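Novice: In case it's useful when we look at the structure, here is the feature table from TrEMBL:
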type: TRANSMEM; residues: B:6-23; note: transmembrane segment
type: TRANSMEM; residues: B:30-57; note: transmembrane segment
type: TRANSMEM; residues: B:77-95; note: transmembrane segment
type: TRANSMEM; residues: B:149-170; note: transmembrane segment
type: TRANSMEM; residues: B:190-211; note: transmembrane segment
type: TRANSMEM; residues: B:223-241; note: transmembrane segment
type: TRANSMEM; residues: B:320-341; note: transmembrane segment
type: TRANSMEM; residues: B:353-373; note: transmembrane segment
type: TRANSMEM; residues: B:402-423; note: transmembrane segment
type: TRANSMEM; residues: B:444-463; note: transmembrane segment
Amino acid sequence: MKKLQIIMVAVFCIMLFSGSLAITVLPDQKYSDLENRQLQQKPKLTKKNFTKGTFQTEYENYLNDQFPLRDRWVDAAVALQTKLGKKDINGVYIGKKGYLLEKNDTEQLDKQQVKENVDTLTSFLNDMEKEYGKRHVSCMMVPSKTLAMSDYLPSYVSAQEPKDVLDSIQKGLNDPKILLNLKDTMQKHQKEYIYYRTDHHWTTLGAFYAYQEWAKRTGQAKEYPIKHYQQEKVFDDFYGTTYNKVHVAVPKDEVVLFHNTKDTQKIHINMDQGEVKADTLYFPKAAKKGFNRYDVFLSKNTFQMEITTKAKTGKTLLLIKDSFANCFVPFLTESYDHIILIDYRYGKTPIGTIQSEYSDITDVLVLFNTEKFMQNTKLSKLARTKKEEKTLEEFDADEFLEDM
Amino acid sequence: MVFSSLLFLFRFLPIVLLAYYVLPKKWHNLVLFLASLVFYAWGEPVYVILILFSTTVDYVAGQAVAYCKANQKKKGAIAAVCCSAVINLSLLGFFKYADFFLQILHQVTGIKTGQLHLPLPIGISFYTFQTMSYTIDVYRGDAKVQKNLITFGAYVSLFPQLIAGPIIRYKDVAKQLDQRKETVSLFSQGIFHFMIGLGKKVLIANQIGMLWQQIAAMKTGSLTTATAWLGVLAFTLQIYFDFSGYSDMAIGLGAMFGFSFPENFNYPYASKSITEFWRRWHISLGTWFREYVYIPLGGNRKGIVRQIVNLAIVWFLTGLWHGAYINFVLWGVYYGILLVIEKFLLKNVLKALPAILQHFYTMLLVMVGWSLFSWQDMTDAAGYIKTMFFYGGAGYINDQTFYLLLSNGILILIALFGSLSWSKDWCNRYFFPEGTMRREICRIVLVIVLLLSCVAMLVNSSYNPFLYFRF
């Protein structure tokens, strides 16, 4: 009996001391690929830091961040929780058939911000409609994966639909038909691979169905059957951002490109005022090097992008977008000579300035994921259309404050 | 600093254990005293002065009491005790209750004073009670005066029970402070006790706490009656596993350094009456109030009216001790009333009931008590309790209730199993009979499994992927 007590003491002490030693001896990491952030480095102990408590906080973060085999421990913790029957971990539902679906917590949204965004968007669309004509302006709202793929949610979970937000956009529009809610379209194809299992984005197939619906409903572009495109699988090892939040054993995703069979597509793309130029919409090499395979589409998110095609339709599209548009854009290249992509999360040039810069604009399309649209805090410049621009004074309070 | 952190497990504890056992015996109390100050200063670098102040006050008061008693100066001794009580209670009153009283003053008289917004010094409710108990024990002759300031400092600031109890009366540990024997047997028991406590806190309380948080965040309109009960159940389990887990860790750590602290919880949810519940829940607090408030007031020796008044005082104070909010006071009063009713009316009625109904009665009242305890805003509390007993804003039950139950069911079952005393008896009888080899080996395996699981959960809690840059 005494021997076993000694063993207990020895085991406990060895575990504590070896753990402590390992933290001390092993080299500190600078960056976590998995979490995609800088890891806390060892803080310096000063009297001021200590009395303020910043040293203590930083030191605890340091121990947590630099804990040996950190990623493995995190995996073990998630495994433990799933073994206990937990169906949502770190804000992600462990859905059916390998689907990971992010929780959309509507109660966490900033209601004021949502209202501002709705007002901004409707006034923008109304202005555009006046400027370019009814049939040339449209707005697509892409449902979040949780809503679109609601069949894959765990039992007894029902997806929340931001119905009031979409309704109030519709109500604010002079022509309510401009708004295209893709919820039904997406839900109709739920059985197919239209969203990645481990990422919040839709797949190219999902974007294709959206394109068909949009082309049919608005007539802004031509509708093609799926056979029109040649499919190419570029990756089969994609773990998306949802997977980063919770590591459970789910199959990796595939990334498929849809090429036009008719090779009329001499594309030229110009990003960040000419800093990056390319002759393709796809960047498999860059996406392979980085760890987000979705970057294969247009390589990255940036404020302003310009695509020139050989479509010879005489039309130019202004596309106000978020990342969901990145795999949608390839479907547009047959219908427009020129596409201007603007992503307001990465820049703040008023939309009026952009309009003046491109006098050839004939059509306008807004493509947003509803969830991200509600969270967006940087949309305000979308309200500064050409018409508004003239009435507003040059002084920009926002910019002035930000510069300070 | 908290026990349930990587910092404590892989930095503080190994270093203190090493220092304690490498240095000779006469240094032991100094090691504990200094370690405790570091432990406290880690979270409260400034307030460490308060604990030193309280220590000094009672060290001096204790000396004065002893001196006066030796020289037959009873008045002097009483004065010293009063000094200690006034200073300690003023500290507590100022730092914990100032804003509460100012607010009441404002509501009653309309005088606007503004608020102090002082952060509450961690553990002040525990250490002020401990230092007072020392002076009173010396006055009563229950303990000898402690001449060594370091030993006394070690008692007051002892890190295992510094921030969340148990409240250890001086006379319980007086001997151990001066001469205690650290043994392998005690150490290994301490490890087991500590790991059980850590598991209770990290694996059960923290997990089930997330369920409670989720339900508490729901608006009354989207809450069903069943979900409300599930929420209270989650909170009932969370607070027990959290608090008793902390006490277990404290007792375990104490044992590692040679102390034997009294148990603080004894399966309270297995009680058959509210009276029994309070004999099993936070035992050290109940004992403190009985010894230092209820009995000095006369207890039950001065007639029924006086006894009821005494009970009212004790339960008002017990409620207030839990926090400077009106809900805690109400919660204390709620128990005061229940105990009086039980004592004078229900005692024999209850005993006549089948055991299962006695349990049901007790747990129903305890859970209603917790729903009062958990809301600082009385309108929230009223809304929530209303949902529990009437048609909820979203009906009696809905899909969400089923989902929450399904997602947390196993955890709840484990927690229920762990909170009832028969499960321990059952395990001991059929699987791990006392004194067998198998029992000891299983304990070692359990310690390893618990430590690994807790570390995983602790590392995970800091997992913080940054994803927004490319949504």
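These residue numbers are counts, starting from 1, taken along the chain as shown.
In case you wondered, yes, glycine gets a Cβ from its N, Cα and C as well.
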Novice: Out of B:6-23, B:149-170, B:320-341, B:402-423, which stretch touches the transmembrane segment (B:190-211) the most, going by CB pairs under 8 Å?
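Specialist: Answer, by Cβ pair count: B:402-423.
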Novice: Compare B:30-57, B:149-170, B:353-373, B:444-463 by their Cβ pairs under 8 Å to the transmembrane segment (B:320-341) and return the stretch that comes out on top.
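Specialist: Out of the listed stretches, B:353-373 contacts the transmembrane segment (B:320-341) most.
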Novice: Which residues of the chain, 6 or more past the ends of the transmembrane segment (B:402-423), have a CB below 8 A from one of its CBs?
Specialist: 200, 204, 207-208, 211, 214-215, 227, 230, 233-234, 237, 240-241, 266-267, 269-270
Novice: Which stretch, B:30-57, B:149-170, B:353-373, B:444-463, tops the Cβ pairs under 8 Å count with the transmembrane segment (B:6-23)?
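Specialist: Ranking B:30-57, B:149-170, B:353-373, B:444-463 by Cβ pairs under 8 Å to the transmembrane segment (B:6-23) puts B:30-57 first.
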Novice: When each of B:149-170, B:223-241, B:353-373, B:444-463 is checked against the transmembrane segment (B:30-57) for Cβ pairs under 8 Å, which one has the most?
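Specialist: Counting Cβ pairs under 8 Å, the winner is B:149-170.
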Novice: Are there residues at least six beyond either end of the transmembrane segment (B:353-373) with Cβ under 8 Å to its Cβ atoms? List them, or say none.
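Specialist: Same-chain residues near the transmembrane segment (B:353-373) but 6 or more away: 229, 232-233, 235-236, 239, 268-274, 276-277, 322, 327-328, 330-331, 334-335, 338, 381, 384-385, 388.
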Novice: Cβ under 8 Å to the transmembrane segment (B:223-241), counting only same-chain residues 6 or more beyond its ends: which ones?
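Specialist: Non-local partners: 200-201, 204-205, 208-209, 211-212, 215-216, 265, 268-269, 366-368, 370-371, 373-374, 384, 387-398, 400-401, 404-405, 408, 412, 415-416, 418-419.
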Novice: Report, as numbers and ranges, which residues of the same chain sit near the transmembrane segment (B:149-170): CB under 8 Å and 6 or more residues beyond its ends.
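Specialist: Distal contacts: 2, 29-30, 32-33, 35-37, 39-40, 51-52, 54-55, 58-59, 62, 122-123, 126-127, 129-131, 133-134, 137-138, 143, 177-178, 243, 246-247, 249-254, 257, 259, 261-262, 264, 282-285, 287-288, 291.
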